[in-house]
Structure formats: structure tokens, C-alpha cells
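Record features, source Swiss-Prot:
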BINDING   4-33  FAD binding site
ACT_SITE  His465  active site, proton acceptor
Amino acid sequence: MEADFVIIGSGSAGSAMAYRLSEDGRYSVIVIEYGVPDVGPLIQMPAALSFPMNMETYDWGFSSEPEPHIRGRSLVTPRGKVLGGSSSINGMVYVRGHACDFDHWSQSGARGWAYADVLPYFKRMENSQGGQEGWRGTNGPLYVQRGKRDNPLFHAFVEAGHQAGFEVTDDYNGEKQEGFGPMEQTIHNGRRWSAANAYLKPALKRPNVKLVKGFARKIVLEGKRAVGVEIEAGRTFSTIRARREVIIAASSINSPKLLMLSGIGPAAHLKEHGIDLVADRPGVGQNLQDHLEVYIQQECTQPITLYSKLNLFSKARIGVEWLLFKTGDGATNHFESAAFVRSKAGVEYPDIQYHFLPVAIRYDGKAAAQSHGFQAHVGPMRSKSRGSVTLRSANPREKPVIKFNYMSHEDDWADFRHCVRLTREIFGQAAFDPYRGAEIQPGAHVQTDDEIDNFIREHVESAFHPCGTCKMGAVDDPMAVVDPECRVIGVEGLRVADSSIFPRITNGNLNGPSIMVGEKASGHILGRTPLARSNQEPWINPRWQVSDR
């Protein structure tokens, strides 16, 4: 079996590339996916988002090694093992990232990936419902909507931010990210709008696109040229050959693992596992980054939260309405208000993100408070801690060693202390007076730096945004894995295009920029002239040098 292009992974970037590479009918595409079909309400019903990320049917089941700076806790790292990849098990929050994120990419060696370069691709991929005119796309495959915000707590959160002196923004994906405002969702007609729904399924209707179920074991190389992929399906091993190129889009965990199993990575590490060296790229598996967050929870004195919807009878009613009509509480992820703010004067653009939720519960649906409550997920966006993904053995079936080194930089502790105290300030505003009860978490007794630090060690969680392990950069950067056209340095016919190529993590959730990578990489693969650069200037707070708000 062979095709012009072979893509490993049907996730956010992989699905976008399958769609774009096959679009004009000139080239054939094979997408290799080990995961299951994305069928059923547990995947497609937005309110069921906590289920697929906890199910081995849909998730690769990765966890970090015990993290020494948070009391040896091992944090789960859900990655989608399903059509659509992690876009089929994520929280459906859509964030492009800040313009300065991409300018930093370009300045650090990923030339051609500045905001002016990537904005046209964001516009091309979006079908924005209600976004800022002129800044958003309206004809793309990816539907993006805002929630209805029927619950008054969503408005209280935005008003509280305004009362605290922060900006308000109607579209954080438009000209102005900074501020409090509505959150955007990849939901369409009451269903999760994953990369599979947006890109892969339309592509699979074309005669030149084929989906192959199989476990990718390694890249097949002839000398220093990639010519195919060895896969395992059942107990059968076979090679799918690529006439033009192999593109890895297997996630920030599996993409570096696959490179190393194929002889591309740190020479000493490959030798340790008896793997023949093809290209010594010491950056493979390094530069691992993530977003961490804590939940600041408050009791609600009015019975208006989702707490009353957590019993089995209510869940059944919500499920039936969604199955019949795709409406009601099942048709939203319930993340409908958000904020991006700056932590202090001298910070040019936001470095803190908020998700607001009208219930007190963990992101994975566990440990719900036994009362009406609301919460903010809050965390710094630009941690200085860096981790790694390395091989446990040369057996492709073994999970890799994942070390995030969470909270290993002292600045991370100061940033999180500020996040906790700032959230308390926001919840203390007059807008919450009609609703505010006692603080559930951390609890009023947690006040000093040491007490907050202990709370963080026990309760900090991953936001599930791993990236950076196949860093994009200049060819002469020894830690770069791919060049600015996503080509693996030192190997021909092989590219990586997913969140693993991010030089630095972006502001917010990663599904949006990962899809953008797939869109832009497709143009490089096809040898097309990039879309015309944008001349739109994003809003930067004129007071950034003297104030945090």
C-alpha cells in the first residue's frame, strides 16, 4: 500500500493536513490512525467531556513520572486515541493564542511564523459565529461559537473583572486578547466540532484519501530518506510507503517517541537502547512544556449552579434531550466566560488565563463539591519549567518516560501565589455579592506564602496542553528538530507538524494553534506560496509598563 503522502495521526493537525493535501485531487493521502471511531454521545455530546479523557478506549493513558516538586505526584496526560485525536477528548475551548506568542516563535528561529504570517491561516480555518468582524474567518471548516451564557454567574465573573479594574474584551481571538469576556467553543449544532468532524470526514469522502487503522512502529528509511511507515495491525506487520513524504502528527508525546524509535534523536540516548543512529538531533523529546492550573472554588448562596444537574435523574434528562434535539445543558461544555490578564506592570501581554465554571468540580468530572458552587481554573501561561519525553525501551509498545519537571523554576511559585490571590480579589468584587458563600478551595485558612505553596503542591493539575518536544527553529540551532517548513533536520522526505513543533507554548488552549500548524504546514509540503501576510495590528494595553490592568 502506498500514497503520495502518509500522515501518522488523525488529530488536530493531521486531520487538517489530510484535508488540505488532498483538496485539489492531485495527490493521494493515507492517514494512519490507531484509535477508534469517534462515535457515540460520550464523544459528541459537549457536556460529556470528562468521560472520554478518562477512558482507555479513547485515551493513550499517559502519565508523568513522579514529579519531585509537587510531592511526587504523577499527573495524567490525556492524549486522544480516537479519530480526531485530542480534539475529540478535549474541553472544546478555542483559543488562537496571543499575537506576541507567534512573534516570539519567529524571533527564536521559526522564521515565517510571526503573527502576521499565521493570522491568514487562522482566518482560513475558522467559521466564526459572532467573532470580531475583519479579524475572524467565516467560511472555514472549523465552526467556533460562543455559549449562551444563560447563567448569571457568567456575567458576574466578567463584571467582577471589570470592577477590579481589568479590561473587558468581546473577542479574545480578535484584536484584543486581554480582558474578561465570553469564551469560545468548538461546538456546532450542539455537537463537538472536532478536527475529525471539521476536516477528516469531509476529506475521507474524496477518492484520493484513505484511512488505515494501525499502530505506527517506526519510520522506514533508506539511508537518510524516509520512504514509509512500519505499522502493526492485529498481529501483522506491514509497510505503508510514501512516494513523496511522511508527515508525523502523532502528538507531543508520540511524535518524539516515533522519531527516536526510528533513529532520530539524541545519539547517546539511542545508543543506550540499541537503536542505530540516523540523525543526531539532541532536541528530540526535550523542551516539553505544559500549562498547569488550580481550581479556586466558592460556595454559591443561590441554587443556580450546575450542582443540581449532577444527580443521575438530571443527567439522564439532559442526555435524552441532547440525543433527541442536540439542545439543552448537554449541548455546551459550560465554559462560557473567560479571561486573559497580565500579572504585573512590565508584562506586555497576558500571562494568566481563566476558565470560569458555574459548578465546583474537577476538570475530569471527579470530586464535585457537595453544595452549590462556582470556580475559576487559573494558571500562568508561560512557565519557565521544562521537561522531556524519552524512551523507556526500544519496544514501540512501551509508553515513553514523561518528565515535565512541573514547578521546577522558582518563578512558577511566585506566579501561582499571585494567581490564587488575584482570583480571591475578583471573587470578592460586588458583582459576586448576591452569590458568594464560603471559600471551598483553598479555604480561608490558606493565606501565607507557605500555606499557598502547600495547596499548590497538593492540588495543582495539568490543563492537558503538552507541547514543544520537536521544536521548530533555525537549521543551525542544535536543539531544533524541524526547520521553519516543518522538515526534520538531517532527514529527507520527513516532516513533523503538530503541537510538538511549538518553540514555546502559546497563551491558552492548544487545539486552535495545532490546527493552524496543520493548515500552514500543508502549504509548505505542497510548495505553495504562503498566504499573504496580514497588516492588522493587535491591541496591546497602553498602560502595560506601569500597571497590570
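Cβ coordinates are placed from backbone N, Cα and C, and glycine is handled just like the others.
Here the features listed in Swiss-Prot are placed on the structure.
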| residue | record | contacts (Cβ under 8 Å, 6+ apart) |
| --- | --- | --- |
| Asp4 | FAD binding site | Leu21, Tyr27, Ser28, Val29, Ala242, Arg243, Arg244, Glu245 |
| Ile8 | FAD binding site | Gly14, Ile32, Ala216, Val229, Val246, Ile247, Ile248, Ala249, Ala250, Leu258 |
| Ser12 | FAD binding site | Gly84, Gly85, Ser86, Ser87, Ala195, Asp498, Ser499, Leu510, Asn511, Ser514, Ile515, Gly518 |
| Ala16 | FAD binding site | Met125, Ala195, Tyr199, Ile515, Gly518, Glu519, Ser522 |
| Arg20 | FAD binding site | Gly518, Glu519, Ser522, Gly523, Leu526 |
| Asp24 | FAD binding site | none |
| His465 | active site, proton acceptor | Asp290, His291, Ser499, Ile505, Asn509, Leu510 |
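Within 10 Å of the C-beta atom of Ser28 (FAD binding site) sit 20 other C-beta atoms, taking all shown protein chains into account.
In the three-state DSSP scheme, Ile8 (FAD binding site) falls into the strand class. A sphere of 10 angstroms centred on the C-beta of Ile32 (FAD binding site) encloses 25 other C-beta atoms.
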